[in-house]
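See below for the structure under consideration.
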Amino acid sequence: MAHSADQAPVPRRFARSGPLTGTIRVPGDKSISHRALMLSALCVGQSRISGLLEGEDVLATAAAMRAMGAQIERGADGIWTVHGVGVGGLMQPAQALDMGNSGTSTRLLMGLVASHPITAMFTGDASLSRRPMARVTDPLGEMGAEFNASPGGTLPLMVRGISPAVPISYRLPVASAQVKSAILLAALNTPGTTTVIEPVATRDHSEKMLKGFGADLTVETDADGVRHIHVTGPCDLTAQDIEVPGDPSSAAFFIVAALIVPGSDLTIENVGMNVTRTGIITVLEQMGGQIERLNARTVGGEPVADLRVRASALSGITVDPAIVPSMVDEFPVFFIAAAMASGTTVTSGLDELRVKESDRLATMARGLEAIGVDVEEREDGLVITGSGGASLRGGGPVATLLDHRIAMSFAVAGLASEQGVNVDDTAPIATSFPDFLNLLDRSTGAA
Ligand SMILES: O=C(O)C1=C[C@@H](OP(=O)(O)O)[C@@H](O)[C@H](O)C1
Ligand SMILES: C=C(OP(=O)(O)O)C(=O)O
């Protein structure tokens, strides 16, 4: 996958804007899009996917599934069709699987390869090649797969799968939907019952979709509220028609932009409202954000709603660390909301942000300093004293370090700044939200 790391950076200045108004739609959910391709590729027969996110990360998953035997095509109508190979039917890829910038593709596909009798080499861009993989190779190794990682347990990394693999019972040491999902996907082609014990609930798209595709999956919650997820394999999956709802993580940039730019009144249609994903809305509402949920309905087995967001006076808060897993990707843009609030916002329990596309605590702290925001970086969170609704100073340049969410967050900050915000590279935005700049220009009236 050609990625921005290989290309010249695309800097841009985001100027102070007028209100965000009108009605927009954000692209399909990234987590659900990856899983839709992977699970369809494991069915015998044809699945159809509408609303698939066509960002670089998801295209990396599509390319990898093709390299392992699935037929995947995009129709002129935007509907994707997948002819799968069946559970157990993945073929040895002829070349290294280039995962680009995508942690989700890498970790989930390692799970799939682990219980097939094939060998695959995983490579990625400079950002992905720094991210920890032992969190998946440890449990998948217990199942019998073998790994040859680069020093530090990173990519490039060779996975030698095994069939039959051995079922395990694994308690997640870190709250991670990617680790959970890697094990559940490996379990599909593993005879017997594999159990993942999840002390802290994370996004549950894998569980919901695996059940929807007919896998033998059950979830029990014990007396301490801990989830035990069991998959009994080998399972056959049944081809599906899937409709991917809009991505709440992408909507978050427009929610914050509409809250902080005076006079805004913006409606974002078709946003996924799965409670394992909506922590950002809860926290912004606690700060005084006016976010109305309209037309609540179900799309593709997931709750969705249209969100009407109006500019609001925000007050700083202390964020309960228990909510972190349900907004783990939204902290960069949440910090921009905090920078515009009155008073101080305190966050903690954010250690995982240090191992995302960039170290998001350090990258956000440096960027906020560069645009004149009062920020203190702690080991596991940021403390931000906001402007009380006054425009941010702006400036920069802000270093995005191959991190799409950093680029989009500072684009939003620019809209509420005196001097504008210079972002050093907007190319990474294509990993999750290729149409972001157009939508932003349209909703601010700049286009
Ligand atoms: O399972 C998924 O689709 C994801 C899980 C999260 O990662 P972790 O599992 O590492 O927390 C999230 O940050 C990522 O954007 C997508
Ligand atoms: C962390 C993210 O993605 P991934 O782990 O798939 O690279 C993200 O999109 O914010």
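Backbone N, Cα and C define each Cβ position, glycine as well.
Note that TrEMBL annotation is computational and uncurated.
As annotated by TrEMBL, active site, proton acceptor applies to Asp329. Annotation note: Asp329 (active site, proton acceptor) sits in a coil segment as assigned by DSSP.
Annotation comment: TrEMBL describes Lys30, Ser31, Arg35, Ser176, Gln178, Asp329, Lys356 as 3-phosphoshikimate binding site. Note: Gln178 (3-phosphoshikimate binding site) has non-local neighbours Gly103, Thr104, Arg107, Leu108, Arg135, Val136, i.e. same-chain residues 6+ apart with C-beta under 8 A of its own C-beta. Following the DSSP three-state reduction, the secondary structure of Gln178 (3-phosphoshikimate binding site) is helix.
For Lys30 (3-phosphoshikimate binding site), the same-chain residues 6+ apart in sequence whose C-beta sits under 8 angstroms from its C-beta are Leu53, Gly55, Asp57, Val58, Thr104, Asp247, Ser249, Ser250, Ser432. Here TrEMBL flags Lys30, Gly103, Arg131, Gln178, Arg360, Arg405 as phosphoenolpyruvate binding site.
Under the heading domain 'Enolpyruvate transferase', TrEMBL lists 17-438. Averaged across the domain 'Enolpyruvate transferase' (17-438), pLDDT in this predicted model comes to 98.
What TrEMBL lists as region 'Disordered' is 1-26.
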Closest of the binding-site residues to Arg131 (phosphoenolpyruvate binding site), Cα to Cα, picking from Ser31, Arg35, Ser176, Lys356?
Lys356
Near ligand 1, meaning Cβ under 6 Å from any of its atoms: which of the binding-site residues Arg35, Arg131, Arg360, Arg405 fit that description?
none
Want to know which binding-site residues, from Ser31, Arg35, Ser176, Lys356, are within 10 Å of Asp329 (active site, proton acceptor) at Cα; which are they?
Lys356
Using a 6 Å cut-off on Cβ distance, which of the recorded positions Ser31, Arg131, Asp329, Arg360 come close to any atom of ligand 2?
Asp329
Could you tell me the C-alpha distance between Lys356 (3-phosphoshikimate binding site) and Arg405 (phosphoenolpyruvate binding site) in angstrom, no decimals?
10
Fill in the CA-CA distance, Ser176 (3-phosphoshikimate binding site) to Arg405 (phosphoenolpyruvate binding site), as an integer in Å.
18
Between Arg35 (3-phosphoshikimate binding site) and Arg360 (phosphoenolpyruvate binding site), find the distance joining the two CA atoms and give it rounded to the nearest Å.
25
